[in-house]
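Taken from TrEMBL as is:
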type	residues	note
TRANSMEM	70-89	transmembrane segment
DOMAIN	138-365	domain 'CHASE'
TRANSMEM	374-396	transmembrane segment
DOMAIN	433-703	domain 'Histidine kinase'
DOMAIN	731-849	domain 'Response regulatory'
DOMAIN	875-1012	domain 'Response regulatory'
MOD_RES	Asp925	4-aspartylphosphate
Amino acid sequence: MLCCWILSEISMNRFINGVVMEEIAFIGGDRGKRWVKWWESISGKGLKIQHHYYQYLGSKKVRKTWWRKFLLAWVVGWILVSMWIFWYMKSQAFEKRKEALASMCDERARMLQDQFNVSMNHIQALSILIATFHHSKSPSAIDQATFARYTGRTTFERPLTSGVAYAVRVLHSEREYFERQQGWTIKRMDTIEQTSVQEEEDYAAEKLEASHVEEEYAPVIFAQDTIAHVISLDMLSGKEDRENVLRARASGKGVLTAPFRLIKSNRLGVILTFAIYKYELPSNATPKERIQATDGYLGGVFDIESLVDKLLHQLASKQTILVNVYDTTNASHPISMYGTNVTDGRISRNSTLNFGDPFRKHEMHCRFKQKPPLPWLAITTSIGILVIALLVGHIFHATVKRIAKVEEDFRVMERLKKQAEVADVAKSQFLATVSHEIRTPMNGVLGMLQMLMDTELDITQQDYVRTAQASGKALVSLINEVLDQARIESGKLELLAVRFDLRAILDDVLSLFSGKSQKKGIELAVYISDRVPEIVIGDPGRFRQIITNLMGNSIKFTEKGHIFVTVHLVEELKSSTEVEADASCNDTLSGFRVADGRRSWMGFKTFSQEGPNCAQTFSSVSSEHINLIVSVEDTGVGIPLEDQSRVFTPFMQVRPSISRTHGGTGIGLSISKCLVGFMKGEIGFVSEPHIGSTFTFTVVFANDNSNLSKYKNQQSHKLPESVCSEFQGMTALVVDPRSVRAKVTRYHLQRLDINSEVVANVNEALCCFTNGKTGINMVLIEKEAWEKDPAQSDLFVSNLQSNSPKLFLLVNSVVSTKINASKYAASAPTVIMKPLRASMLAASLQRAMGIAHKGFYGNGRHSLQSLENLLHGKQILVVDDNKVNLKVAAGALKKYGAKVECVESGEKAISMLKPPHHFDACFMDIQMPEMDGFEATCRIREMERDLNNRIQHGEISTEAYGNISNWHVPILAMTADVIQATYEECVKYEMDGYVSKPFEGEQLYQEVARILKEHNQ
């Protein structure tokens, strides 16, 4: 029975969603799509009802009679639903029929209107021709024969007109002369209108009565042959024509008459009249001026019945609608112009016609000829749905008892799952709150220890303080990891989008681990492909965190060999043959075997894409995004195969003894995996016991080719351009037997604009000089090549004594062999400690070659003297509710010569920073009771804006405010949690930046230098 129920559900869903729903959507248009969405909603609710039925009605305690009542309600309900569906679909078919009628009616109205406008434009052009060749020439270039011949030949340009005629304006004083000149008398038109309608053969112009004495007349002098019978008729003597003529000459536009029976043809029509003036009038001429300038009137006769017949004949193929045309100028009494006035209750459509005369209004009324067919789709659909509903009710009744037990188990599991989720969220919230509250006093501890280090201490005391600082920083690092894990689990982790230097980030991480690598004597190196852009847009802090976690693990578990970090574009690895080299070979950074790194990323989705354009999905530098792949390779102890499945599990370590031997919490890799996921990337690894591990991940950054003002610039330790210019054009000779390590050395030299050549041993280097090779400014020799053949090395040094190149020895251990300076005299090699970094390499080369740059320091950090010069004498206001943090912040700033004042609340800060004041900057804590730093900053900015506006409008004098016309005190946010003080939040609340607690000298210098520079501008 259960299988039958499942099959029935599948077939019914397929029928409803596949066949019927598509037909309804097709027939009903937009409303049909809304019906489909409604049905999906009903289906979803039906499944919920089914679920609740299984929960409550499936119990054995429920009586059968109750289920029968429910089943009866189900049947009755679906009968009502099917009836509603029938009504709804029938109404949709009716609406669609109305839309089709509206479309056909609008099409006919538009065609009639367009053809009328074409004829009207040609009549207006004909009025210009008459004004030019009849009134402007003496004698006239146009007579009746010419006019009739011209209008007859150009009839095709006026497809809707029955004929055109021209009437001249004649004053009473000019009547006698005019009649002698024309050879006929002016006839009255009203006598025709007063008599009964005449047949065409009964009409004779000579029988008409002469016009009565009037102030002026408008007799027709030219007419097309089709209406030549109107010649000599006075247009002002007819009611409709008189109104038309008077309106045309007063408005200067074409005007229409009301529908009336045309003379002689006895058909219903209208006349379009244009006034012809003696001279060109301005657009703003008054009606009186237009009347005085009137010379005549050109009229076009439109036979409405024949015109509409012609139009409908063009669309006569399978004609399905009836058309009526009305003049609705008088809305209460519309005049029928075409069609029969029959109303049979069918649906109709009224379309507006615009014939260019704003005074007269016209409409086209349309209706179908035949009655609508029966709504068979609505009938079959409603019956089909009712049948399906009855089947579903029957299936429910047959299977309810079989599912009751399963549903009971499901409810228990659902309850346990919700309890676990609530407990997990509570744990994450607790960790986030407690971690932040612990970090705040820890900042005070570390800050006070830093201040203690600046006092006079003996060696023992300094050792104690350093130990306390190291322990405090380790605790803060642990708290940060726990806080990150809590944020990730609670979904509150957000990424920044700032511009940063990728290579500078890697240099900083190298600096962090350089001491440990030198102490262990292992190779530590970074190589970034030339195709990777220098500047990208993303979150540098989180990217640094991932690299730091991976390199930190490698440093922990590697006692010999190397740690090698590489960065490439994804498309490079897809097309490069270099990465496909045999991983078992010894051509590595240190010569030790490594795990096959290809296996760490071959399963990534990025590399499993197919098609010719897959490599350009994210990785193209010219696109909006850059897809990078980063590998961290080490020759450590490796990870046992049985433990590799839980590497990324939070708070889990490979062995319980690991934490006792190497320390750590086991959440670094878990956090790294989550961060990589947030950056739209993937992470994987390959590891072989006693050989090593390779961790690889991809990240997606935005390319730096968009609007730069949208992103903040990340302060990084970039090399000054002047440093690179000092080495530009120089050439270095690199002596290294290992090609991978030589490539790293060349990479760092290239960053300094130094050209390089590579040889494998000292003997080859010696041959370069003995063969007379010139242009080499420096020689960098790896310690391995130097110590391999001491005699050859001595010979090489003695050979260099007669040449200018400087000699440098690259070593990676603090216990490296000392160089006997007396043995080599002035040519003794200069030792450069690895890992190589561009800033450190530049500093070493500058010192050795005597081109040291005054503004550049070895690690890229500003000296304390520069920070002291920057802050000396500056008035700084520090706002923090924590007295310990106030003391730490004040002490850190006073150490650099600043004059510091402290307040404990936002209200006091507002009163202290009310202009005029003497402060150069303000350090504002974000989290304070009553009024936080954001609200205090908003009020300070409002106060400054109000004062600046008053000064600009001259309401107050600048003398009372220190002769400053634009008040803006730089405000830096202070926070124990820099993630909460993102750049976007600082901009939103009009802060100028932020610093983390406790103060770091480099960050403090960068932020203070930036805001003071901007403030001085």
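Heads up, residue numbers simply count up from 1 along the chain you see.
Just so it is clear, glycine is given a Cβ too, placed from its N, Cα and C backbone atoms.
TrEMBL annotations: computationally assigned, not manually curated.
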Using DSSP three-state counts, the residues of the domain 'Response regulatory' (875-1012) come to 66 helix, 24 strand, 48 coil
Within 10 angstroms of the C-beta of Asp925 (4-aspartylphosphate), what count of other C-beta atoms is obtained when all protein chains are considered? 26
With the greatest number of Cβ pairs under 8 Å to the domain 'Histidine kinase' (433-703), the stretch among 138-365, 731-849, 875-1012 is 731-849
DSSP helix/strand/coil residue counts for the domain 'Response regulatory' (731-849): 58 helix, 25 strand, 36 coil
On the 0 to 100 scale, where does the mean pLDDT of the domain 'Response regulatory' (875-1012) fall? 83
